[in-house]
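Okay, structure first, notes after.
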Amino acid sequence: MVSPSVYRILVVAFVALGSMTYGYCSSIVATTLDQPSFVAYFSLDTRPDATQLIGAVSGLFQAGGLFGCLSCLTSADWLGRRRALLITALVTLVGGALQAGSVNIAMFLVFRFVTGLGIGSIVTLVPLYQSEIVPPRIRGFLVGMHGILICTGYSLASWVGLGFYFVNASGAQWRLPLAIQCVPPLLLALGIGFLPESPRWLLDQNRVEEARRAFEAVRADESDADVPDDAVESEFRAMQAQIRSEHAQEHTVMDLFHSAAMRKRCLIGFAVLFGCQGTGTLVINNYGPLLYESLGFSSVAQLLIQCGWISVCPIGNLINSLLVDRVGRTRLLMVGFVGVITALVGECVAMSIFDRTGARSAANAAVFFLFWHIACFSSTSDATSYIYASEIFPTPLRAKGLAVSVSGLFVATIVFLQCGPTAFDAIGWKYYLVFLACSVVVLFFVWFYCPETRQLSLEEISELFGDHAAVIEPEEIEIEAKSS
């Protein structure tokens with residue numbers, strides 16, 4: 001019999017296949033755009049609109065992601081966390097398969113958008129589900145697995161792309177790496193039915209006994225033997241009381257904006273996710289080979305640097321997950337933004353020197369500062385942003401609030417990625433100044449406006465925003481449990 005603590009880790013790790021799906025699907029385009037056979041097949045080396053099409057490849061994917069995450073405003077509460085995850089996994093699977101089978105650029109762009117629909121929903125649902133099944137003491141570490149698996153997907157995509165660069169069969173060179181993106185969502189779809197439903201969602205649906213069984217299946221704070229039954233029951237009752245209080249009113253999307261406390265949550269969630277992409281990380285990831293080409297590196301060197309750069313990310317996110325419950329959410333975010341600002345300043349200086357002199361030392365320095373950028377971001381802010389946004393909303397509005405928060409990620413990436421090729425072509429390194437300004441603004445926003453949530457239960461976090469902490473008498477719960 002697997003203990004609850006081990007079972008919980010297995011559940012959190014398995015559902016993070018969705019996180020890996022997002023990472024791989026997002027990152028594989030970076031090396032795909034540099035594959036000679038892909039460029040030749042779609043005539044991107046001769047078409048006059050090639051720059052715009054390259055921007056559209058990323059822009060449409062992120063636009064699909066925005067619509068996908070906004071679909072969670074209703075799907076996660078209507079269908080439940082598991083069924084919503086199943087549907088999004090299937091959408092991503094279909095989109096990835098038809099990308100790999102594309103016969104013209106229009107078909108590729110359409111199914112890049114469809115894949116975006118799937119990953120936008122999945123990147124919202126995974127931390128939502130994870131945050132609702134783990135205890136507060138280690139919630140940061142376990143939900144941080146979302147960030148670790150995203151970056152594992154990023155890294156895997158880059159190394160797969162590098163390996164297939166040396167494949168001589170022209171179709172296989174880019175089609176097979178794209179087809180591999182179907183594997184994680186396929187596994188997730190096959191296994192999602194064996195996972196427990198979120199006990200908080202079940203309570204929100206007034207399915208008390210099912211919620212109790214799901215809660216007991218994953219609940220263990222210390223060693224399992226040391227957790228008394230009455231402590232588990234007490235925590236379950238507290239959770240039930242708070243959700244019952246929150247559920248006393250009907251909740252719609254507009255409730256996110258009616259009260260000052262909910263508006264503050266939405267602003268914080270949106271700004272933190274937007275700000276993390278405003279550091280320029282995904283721009284560097286998606287257009288990395290093109291950036292390294294501008295520094296004079298060969299095609300193989302471009303892909304090697306890209307692989308090395310993105311491989312820093314999973315290690316950084318592991319460090320992030322280990323630190324976030326000890327250091328705190330807001331403090332880590334601020335440290336990360338300070339580090340990113342130093343990296344962007346260094347990158348601007350190095351690139352300006354390279355543009356004037358063409359010195360190899362300046363090119364090497366520019367690469368170093370890109371590595372410093374990802375090291376600072378991944379070890380402090382990447383996983384933290386998802387953890388923080390997933391825990392600040394009350395249960396009846398958590399899915400809707402997280403959807404609004406994650407929409408900030410996609411709004412940022414649509415703007416910055418769509419503009420990327422044209423901006424780098426027109427103003428070069430000065431495009432980094434946009435990310436520098438954004439990072440400075442978000443640093444001060446977190447410093448002055450964001451409350452700390454470290455090691456608080458999801459119900460206790462509600463009190464930070466001025467919500468009433470409900471209490472319900474044991475006798476009342478017993479009567480309610482019997483009636484259910």
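Every residue, even glycine, has its Cβ placed from backbone N, Cα and C.
As annotated by TrEMBL, transmembrane segment applies to 7-33 (among others).
Among the features that TrEMBL reports, domain 'Major facilitator superfamily (MFS) profile' is placed at 11-454.
For the transmembrane segment (53-73), the list of distant contacts is 25-26, 29, 33, 42, 44, 47, 84, 88, 91, 105, 108-109, 112-125, 128, 253, 286, 399-400, 402-404, 406-407, 409-411, 413-414, 417-422: same-chain residues at least six beyond its ends, Cβ to Cβ under 8 Å. Per TrEMBL, transmembrane segment is recorded for 53-73 (among others).
Within the chain, the transmembrane segment (85-103) has long-range Cβ neighbours (under 8 A, six or more residues past its boundaries) at 15, 18, 21, 25, 68, 75, 79, 111-119, 121-122, 125-126, 129, 175-176, 178-179, 181-182, 185-186, 188-189, 192-193. Look at TrEMBL and you will find 85-103 (among others) tagged as transmembrane segment.
Residues or ranges marked as transmembrane segment by TrEMBL: 109-129 (among others).
The feature transmembrane segment is assigned by TrEMBL to 141-166 (among others).
With a cut-off of 8 Å between Cβ atoms, the residues of this chain six or more beyond the transmembrane segment (178-195) that come close are 11, 14-15, 17-18, 20-21, 24-25, 28, 32, 82, 85-86, 89-90, 92-93, 96-97, 99-100, 115, 118, 122, 153, 157, 160. Here TrEMBL flags 178-195 (among others) as transmembrane segment.
Per TrEMBL, the feature transmembrane segment maps to 266-288 (among others).
If you look up TrEMBL, you'll see 300-320 (among others) marked as transmembrane segment.
Cβ atoms under 8 Å from those of the transmembrane segment (332-354) belong to residues 272, 275, 279-280, 295, 320, 323-324, 362-363, 365-366, 368-370, 372-373, 375-377, 379-381, 384-385, 388, 428-430, 432-433, 435-436, 439-440, 442-443, 446-447, 450 of the same chain, restricted to positions at least 6 beyond its ends. The feature transmembrane segment is assigned by TrEMBL to 332-354 (among others).
According to TrEMBL, the feature transmembrane segment maps to 366-389 (among others). Nonlocal intrachain contacts for the transmembrane segment (366-389), taken as residues 6+ away from its ends with a CB within less than 8 angstroms of a stretch CB, comprise 127, 131, 139-140, 143-144, 146-148, 150-151, 268-269, 272-273, 276, 279-281, 284, 291-292, 295, 305, 308-310, 312-317, 319-321, 323-324, 329-330, 332-333, 335-337, 339-340, 342-344, 346-347, 350-351, 354, 401-402, 405-406, 450, 453.
What TrEMBL records for 401-423 (among others) is transmembrane segment.
Within the chain carrying the transmembrane segment (429-450), a Cβ under 8 angstroms from the stretch's Cβ atoms is held by residues 264, 267-268, 271-272, 274-276, 278-280, 283, 329-330, 333-334, 337-338, 340-341, 344-345, 347-348, 351-352, 355, 388, 416, 419-420, 423, all 6 or more beyond its ends. Under the heading transmembrane segment, TrEMBL lists 429-450 (among others).
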